[in-house]
Amino acid sequence: MFSKVLPFVGAVAALPHSVRQEPGSGIGYPYDNNTLPYVAPGPTDSRAPCPALNALANHGYIPHDGRAISRETLQNAFLNHMGIANSVIELALTNAFVVCEYVTGSDCGDSLVNLTLLAEPHAFEHDHSFSRKDYKQGVANSNDFIDNRNFDAETFQTSLDVVAGKTHFDYADMNEIRLQRESLSNELDFPGWFTESKPIQNVESGFIFALVSDFNLPDNDENPLVRIDWWKYWFTNESFPYHLGWHPPSPAREIEFVTSASSAVLAASVTSTPSSLPSGAIGPGAEAVPLSFASTMTPFLLATNAPYYAQDPTLGPNDKREAAPAATTSMAVFKNPYLEAIGTQDIKNQQAYVSSKAAAMASAMAANKARNL
């Protein structure tokens, strides 16, 4: 029954799961009692500029609405449902909560207000993403911006084009993908906007190898190869490719694996180098570091687009989102910091709100500094 669903897996019995049919989808997926099916986000759900967080939300491993998510819930979800140890996500979580406090203007404590605020540009979100457009990519005026939060098929295709015709890719391929994305963003962004975020993207490269390298290959731990169909399905659907034979790596990947893969990507020789590369794009990069309010963070409006889900029929029968209901509301449920509903046209009010929050934070920081002198 499932021979067509699992074409790349020789023996399903080798997996630590049985195979189950997802209700109403025609899709089989490895199943244990902790595995939940994909449910498309609705127009009022909050989603991040991050396919990992969005996949966890779409499967209900963190709150499906993408709001009020505790640090412990995030840690458990990555560990239990992605096979990613806490050591890997510690820095990213720290930065997420810093951005949460920055955007909302108050300490978020142990609960991330929502996923959407992570799209604040040049913070947790960054330029030259593998699958998102930059905040000011292709705009005509300095005050214009576009959706930098949702998956963008055209952008992701520029990543896939580098490895066209392959079933797997290695460190050198990933280095070429990385350089391609930097080059295109550098060319297409509004002049003066592009900021190279090499340390963050390096960690993301290692994360991709940690999550979707092909564990069916005998040398996967030492020389991992990313299975492209797994990567494509995960990013495009923001869902886990269970039906393609994927399951969370076991034992869970630790930070040592991710940093080793990241370093190997940067050290790998490439066969071609795109033009328009920013200075320092090639070669070793600096470490990713915790964000701080001491850094020059600037408040920006965030896009109010409805959450993405794949609807492209060319993706074929394995696309779980083809039957998902389309967003019909013209209201953005959030405004920065994503707590109140406003019309999508009400940008002036949103700008005023962001500015008032920034001014209040600046005053509080100045007062605190004066007290400490």
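Cβ atoms are placed via backbone N, Cα and C, with glycine included.
Taken from Swiss-Prot, the feature signal peptide applies to 1-20.
The pyrrolidone carboxylic acid annotation in Swiss-Prot covers GLN21.
Per Swiss-Prot, the feature N-linked glycosylation site maps to ASN33 (among others).
Sequence-distant contacts of CYS50 (heme binding site), defined as residues of its own chain at least six apart whose C-beta falls under 8 angstroms from its C-beta, comprise LEU115, LEU118, PHE124. Look at CYS50 (heme binding site): DSSP puts it in coil. For CYS50, the entry in Swiss-Prot reads heme binding site.
The disulfide bond annotation in Swiss-Prot covers CYS100-CYS108. CYS108 (disulfide bond) falls within neither a helix nor a strand when secondary structure is assigned with DSSP, and so counts as coil. Under 8 Å, Cβ to Cβ, and six or more positions away along its own chain, CYS108 (disulfide bond) finds PHE97, CYS100, GLU101.
Feature annotation from Swiss-Prot assigns N-linked glycosylation site to ASN114 (among others).
In the three-state DSSP scheme, HIS126 (Mn(2+) binding site) falls into the coil class. The feature Mn(2+) binding site is assigned by Swiss-Prot to GLU125, HIS126, SER129.
Within the same chain, residues at least six positions away from GLU204 (active site) with a Cβ under 8 Å of its Cβ are PHE130. The active site annotation in Swiss-Prot covers GLU204.
Every protein chain considered, the tally of other Cβ atoms within 10 Å of the Cβ of ASN237 (N-linked glycosylation site) stands at 23. Per Swiss-Prot, N-linked glycosylation site is recorded for ASN237 (among others).
Residues annotated as O-linked glycosylation site in Swiss-Prot: THR259 (among others). Counting Cβ atoms from all protein chains shown, THR259 (O-linked glycosylation site) has 17 others lying within 10 Å of its own Cβ.
Counting Cβ atoms from all protein chains shown, SER260 (O-linked glycosylation site) has 16 others lying within 10 Å of its own Cβ. Annotation comment: Swiss-Prot describes SER260 (among others) as O-linked glycosylation site.
Taken from Swiss-Prot, the feature O-linked glycosylation site applies to SER262 (among others). Proximity of SER262 (O-linked glycosylation site) to non-local residues of its own chain (separation of 6 or more, Cβ distance below 8 Å) is seen for ASN202, VAL203, SER205, GLY206, given in sequence order.
The Cβ neighbour count for SER263 (O-linked glycosylation site), using a 10 Å radius over every protein chain in view, is 16. Residues annotated as O-linked glycosylation site in Swiss-Prot: SER263 (among others).
According to Swiss-Prot, the feature O-linked glycosylation site maps to SER269 (among others). In this structure, SER269 (O-linked glycosylation site) belongs to neither helix nor strand by DSSP; it is coil.
Residues or ranges marked as O-linked glycosylation site by Swiss-Prot: THR271 (among others). For THR271 (O-linked glycosylation site), the same-chain residues that are 6 or more apart in sequence and have a Cβ closer than 8 Å to its Cβ are ALA172, GLU176.
What Swiss-Prot records for SER272 (among others) is O-linked glycosylation site. Sequence-distant contacts of SER272 (O-linked glycosylation site), defined by Cβ-Cβ distance under 8 angstroms and a gap of at least six in the same chain, are GLU176.
Taking every protein chain shown into account, SER269, THR273 are the glycosylation sites, and of these the Cβ with the most other Cβ atoms within 10 Å belongs to THR273. With respect to ASN114 (N-linked glycosylation site), the closest of these recorded positions in Cα terms is HIS126, chosen from HIS126, THR259, SER263. Taken residue by residue with DSSP, ASN114 (N-linked glycosylation site) is part of a strand. The glycosylation sites shown are ASN237, SER269, THR273; of these, the one with its CA atom nearest the CA of GLU125 (Mn(2+) binding site) is ASN237.
Same-chain residues with CB within 8 A of the center of the GLU125, HIS126, SER129 CB atoms, the Mn(2+) site residues themselves not counted, are PRO49, PRO121, PHE124, ASP127, HIS128, ARG132, ASP134, ASN148, SER197, ILE200.
Cα of SER260 (O-linked glycosylation site) to Cα of THR304 (O-linked glycosylation site): a span of 37 Å.
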